[in-house]
2 protein chains.
Amino acid sequence: MNIIVQKYGGSSVSDKNKIIKVAKKIKQKVSLGFKLIVVVSAMGKTTDNLLNLAKEISKNPNPRELDMLLTTGEQMSVSLLTMALHEINIKAKSLNSFQAEINTLGNHNNAKIKDIKKDKIIKFLKENDVLVITGFQGINPNGDLTTLGRGGSDTSAVALAAALKSNCEIYSDYPIYTIDPKLYKNAKKINKITYDEMLEMASLGSNILHSRAVEIAKKFNVKLYCASTFSNEGGTYVISNTIENPVVTGMSLMKNQTRVNITNLPENHPLLHGIFENLSQKFNVDMISLISIDNKINVSLSIIEEEMKDFDKYLQKALQNIDNSKVSYEHGYVKLSVVGIGMKTEKGVASRFFKSLQNIPIKLVTTSEIKISCLIEKENTAKAIDCLVKEFDL
Amino acid sequence: MNIIVQKYGGSSVSDKNKIIKVAKKIKQKVSLGFKLIVVVSAMGKTTDNLLNLAKEISKNPNPRELDMLLTTGEQMSVSLLTMALHEINIKAKSLNSFQAEINTLGNHNNAKIKDIKKDKIIKFLKENDVLVITGFQGINPNGDLTTLGRGGSDTSAVALAAALKSNCEIYSDYPIYTIDPKLYKNAKKINKITYDEMLEMASLGSNILHSRAVEIAKKFNVKLYCASTFSNEGGTYVISNTIENPVVTGMSLMKNQTRVNITNLPENHPLLHGIFENLSQKFNVDMISLISIDNKINVSLSIIEEEMKDFDKYLQKALQNIDNSKVSYEHGYVKLSVVGIGMKTEKGVASRFFKSLQNIPIKLVTTSEIKISCLIEKENTAKAIDCLVKEFDL
């Protein structure tokens, strides 16, 4: 069997007409001789609406029950898309996580796929042209429904492709651009990008692909193709190597950043190491910068604004036995990053980066082999994007 | 463990406030020392809305896919009710049909419960005060979600009560009245009714209880209590015997009836028996009346108006080799029935029935040991109800 996995995002199935269009797109592929596994997200704003319904009843809904609620969104969309496929004479069957035997581990609301029993899927695929499978979810060892976190349907699709050793096509509003076209309208489409670059871009705020999906694709060498569902402009291949690499392939923006300043920490205090290790496990801590002056340590780092309350609660408790330490928070920042595998070999990228941003105050910086990130005031976002786009021809 | 099964209908959980009220009602029972199995229908008009969504995509949605879609309604309501129970510190857990292992047989959209594996339910009930279980659905031998037909949540609740040998409380808008208060505002509440009477009333158009639920209750001797969710007026016990029986316990009305007249059929034609057997299997055929004149048979019967098109298609085909037979349809009828276990012993009930309706043309009649039904023009409904209520003190 020649199998392809396709994934359609929520905005691609947000109403009747789009569902019918997606069914026709699937039929085209079937007519080329492929058997398809189609992973679908919940229709449009369904997940948000369900979440709001839960919040009306409980400020902190029980995570197991929240997963039980949220997973209905995908079960709705898989059944509707399957009906639309039947209407155009495609043999199709929908499967939820119990039926497709997608097993997970880990926490509710943020589980990880453990394994997929492919025998049953192969059996159903022999009897049908298309299987439409609920994305974003799986069953944990207790038999409970678990969700994979926002964007988790990408991960479902790539995990299915890995299990079936097939290629994976991710359809959403856009292919992958050098920068989100909502932020910079003349952004260019990227034709090819490496897993490592995509991984950096995904974790740095690009919403195109779930970063765990890219991790799995890299680990199992699944060829990814990301494209727009309803346009024919062509998409982006995410692969292990590209022949020629631009220095900077793309740019990501992460909004709502808060800078945390922890000052006056005693050097070599036995508790410090443990505190920071715990913090980075519990929160999305990034861009840690540490300066030691007069046997005192000052630490700056960035977190997502909405995590601040919990972060502060945890930090105050952790620091209660460390005299004179002080914590302050500054809001209103964004994190802007450029990513490119070419940085590994090309010298002077950092200096080009800082020179192009010379009129913009930079509050924190972190770098890796293939990316440079900086924290700037949100008012400077458009200006900074403009400078970097010009400098690196994005 | 002292277990009670409760079922709440869709209108009892149609919004946030009602869900919270139902949770409080459940808490009262828990505080008396009971462990509860709570079966919930989909919120308000959810099932209708999902059905409309399906009809937008397909005029005849695939029954398996339709079940996949419709079952999401109950999964939503069980998770939300469980969250509301957690908010008031009740240990509760929701279960869908895969988790509660409710197994079905038969057709999609109209399946029957085959068995319920109670070991798992007992285990979960030891760890919790309340289990909230999706009504209306189960898993067939293929592992597919199946629904039990409209009103099927009653059946889910009674089947659970039968499996756990517990009593069953059915909460909806009203207890059981001698006649639907929407039809006759001074209807009296019935305090006790037998399974057989309830069965007749349920199949003759009373919407209070699903008739299969009553069948299962009778078979396994489950004590049923039907009451209003949010009022304290007291409810109706459905049991095997009542000590003193009124001659007529209640009255049912079934709207949208069509009278079918099949005339000029040859007597003893070899096909006739098969035709009528098939008709009554495929359609809700009722009130068959047969008159033989001059070696020709004339048959009258009633069907539900919306089945007429399919019925006619089938009948025309079946009669195509029977010369000179004629079929005609008359619309605009209702079926009015009185039900009472006391008819078994009391003489003259039929003559009281016809005498009280003497000014109203009766188009068809059927009787059983405990009921009399007649087909009348819908314009005469209110007048007929009034006559019968007075005659039998309902």
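Using N, Cα and C of the backbone, Cβ positions are placed for all residues, glycine too.
What TrEMBL records for B:Lys7, B:Tyr8, B:Gly9, B:Gly10, B:Tyr177 is ATP binding site. The secondary structure of B:Lys7 (ATP binding site), as reduced to three states from DSSP, is extended strand. Taking a C-beta cut-off of under 8 Å and a sequence gap of six or more, B:Lys7 (ATP binding site) has these contacts in its own chain: B:Val38, B:Val39, B:Val40, B:Ser41, B:Gly135, B:Ser153, B:Asp154, B:Ser156, B:Ala157, B:Cys168, B:Glu169, B:Ile170, B:Tyr171.
Just so you know, the Cβ of B:Glu74 (substrate binding site) picks up 31 other Cβ atoms within 10 Å once every protein chain is counted. DSSP gives B:Glu74 (substrate binding site) a helix state. The substrate binding site annotation in TrEMBL covers B:Thr47, B:Glu74.
The domain 'Aspartate/glutamate/uridylate kinase' annotation in TrEMBL covers B:2-227.
Annotation source TrEMBL lists domain 'Aspartokinase ACT' at B:336-392.
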Worksheet item: So what's the mean pLDDT when you look at the domain 'Aspartokinase ACT' (B:336-392)?
Response: 89
Fill in: Tertiary neighbours of B:Gly10 (ATP binding site) (same chain, Cβ under 8 Å, six or more apart)
B:Ser41, B:Ala42, B:Met43, B:Gly44, B:Lys45, B:Thr46, B:Thr47, B:Ser77
Worksheet item: Hey, how far is B:Gly9 (ATP binding site) from B:Glu74 (substrate binding site), Cα to Cα, in Å?
Response: 11
Discussion item. Under 8 Å between C-beta atoms and at least six apart in sequence, can you list the same-chain neighbours of B:Tyr177 (ATP binding site), or say none if there are none?
Written reply: B:Ala187, B:Lys188, B:Lys189, B:Ile190, B:Gly250
Discussion item. Quick check for the class: what is the C-alpha distance, in angstrom and rounded, between B:Tyr8 (ATP binding site) and B:Glu74 (substrate binding site)?
Written reply: 11
